[in-house]
Amino acid sequence: ALKLRAGDKHCLVARSKCYLKLGDTENSLKDAEASLQNDKTFSKGLYQKAETLYTMGDFEFALVFYHRGYRLRPELQKFRLGIEKSQEAIVNCIGSPSSVKLENKEDLCFISRQAESKKANQKLQNKVTMDQKWTRKQRPVRNPKIERQLLGELYADKAYLEKLLKDEDLMESSTKQGIKVADLVLSGISYLDTRSEFWQQQKPIYARVRERKLRQQRWIRDKKRKPAEVGRYIVKSMEDIDMLLTGDSPEESCKKAERVLKRIQGWSDDEVPNKNELIGNLHSCIGNAQLEMGQMEAALQSHKMDLEFARQNDLRDAVSRALGNVGRVYARIGKFQQAIDTWEEKIPMAKSSLEKTWLFHEIGRCYLELNEAGAAQNYGQKSLQSADDEGDAEWQLHATVLVAQAQVKLKDYRSAIMNFEKALEKAKLIHNEAAQKAIIIALDDVSKSFIEELNKRREEPTVYSLKGYDFSSENTRDDDFEKFREREESEESAENQDDEKQKEDARNHKEEHGNSKEGGSEQENKEKESKGEEKRRD
């Protein structure tokens, strides 16, 4: 990006952050200063320079740039936090200003003494030998116990590098890139020494000891909290847990909930009147976070503990919540029958139409996964009815799709096409493009299946008996064929009636006229032949 747009201040700040993450404070500072070259009021550049200086241990200069940024952008909290942490680091290094006491004894002789001491120091500096300079450059030997406290987990790495230094053959060797192993090891040790010095300046050991004591005092004080303070703490903690979970930080949400749970379990029932209900709620929060992290077995256990606490204390709403969550976990791990049983137990506890909509839809979806299309269609229709009562277009879409999918399994293609078309209208109404594409693909597949089914019906041979047109195949018992058979039978009966009438007319005619005229008989034969021809045509 910087090659395409040289000197772009935003790119420079971004690269400075990367250098800082890598521990390359020198290049980080260069990029931060370069971002401020053309615009001294660039707030991101000021903040990045202040952060780099703070990391380098130049707390005073860092404080200057934090103040500059705060004057320009007072609404940004990061500058105020930078000011606070810089001031704290300075106090940790040199002590509080109140600890320094100046006295004025109206005697100016100290000025001459100061000048004399300055000259003496200059003489001593001129006499320093080369060996003394080398020893001065060496870092003072630090107590291993203090160094372990400063470095923490990195202390083992430093000990390993120092052990490598004793291997002379290894130190003389080089890497494939031509870099001596000794240089790499020394640079690593130097970096760890720099870090330990920074952490010592930022928060010395005595400051850590004092902070530990303050934490202990705070813990003792917290144990004696007033009910109002306990309530505020619980409300704030639950809000933080929920915000972390909705903000795509399930791991942090889980850790926070576990800390709060451990703390509340140590409180008495007098301090927390609804302690059991709160413990169950925290188990639910932990289970939801574990579900988001993919820890299915742990999530199932947490939600079952929530259910157990709710049942022990006869908390109907909590039981309903826990049953819903347990069913969700069962469905996620593929145990659809257990999910159905759990959710069906929850149905009488559902309070709103929207909750019933979700519940019926999920049960129907599980039945569909179990290839029980009839039950899936039934619950899909229940879900659609509840969604219509609530007036929720999105759940109407989900329920209609579920019904259509169940009808495809039942090979009721005509109804499935109608429901998919309704679902497509709902998807267009709520501007859900992904759903529109999926429904169009499903419609195309159902239409092809419907056409194939019709073609199969046309190709099946139909066998009739001479007497009653009885069909030889069960598939021919369709409404259309029944109507056709009834029409054929009515036409046959009408023809038989016409034949009987014609025969009766002929007999009457013979009785009246006899066989006296030959021409008459010929005429009669012609009439019979014409009627027979008409009958054959029919």
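Just so you know, glycine gets a Cβ as well, placed from its N, Cα and C.
Small disclaimer: the values here were computed from a predicted structure and weren't measured.
According to TrEMBL, the repeat 'TPR' annotation covers 320-353. TrEMBL lists 403-430 with the feature coiled coil. Per TrEMBL, the feature region 'Disordered' maps to 469-538. The compositional bias 'Basic and acidic residues' feature in TrEMBL is assigned to 475-488, 499-538. What TrEMBL records for 489-498 is compositional bias 'Acidic residues'.
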Whole-number mean pLDDT, the repeat 'TPR' (320-353), equals 90
When you scan the chain for residues with a C-beta under 8 Å from the repeat 'TPR' (320-353), skipping those not six or more beyond its ends, what do you find? 280, 284, 287-288, 291, 296, 299-300, 303-304, 306-307, 310, 359, 362-363, 365-367, 369-370, 386-387, 389-390
Folded-back contacts onto the coiled coil (403-430), same chain, C-beta under 8 angstroms, at least six residues removed: 364, 368, 371, 373-374, 376-377, 380-381, 384, 393-394, 396-397, 436, 439-440, 442-443, 446-447, 449-450, 453
DSSP helix, strand and coil counts for the repeat 'TPR' (320-353)? 28 helix, 0 strand, 6 coil
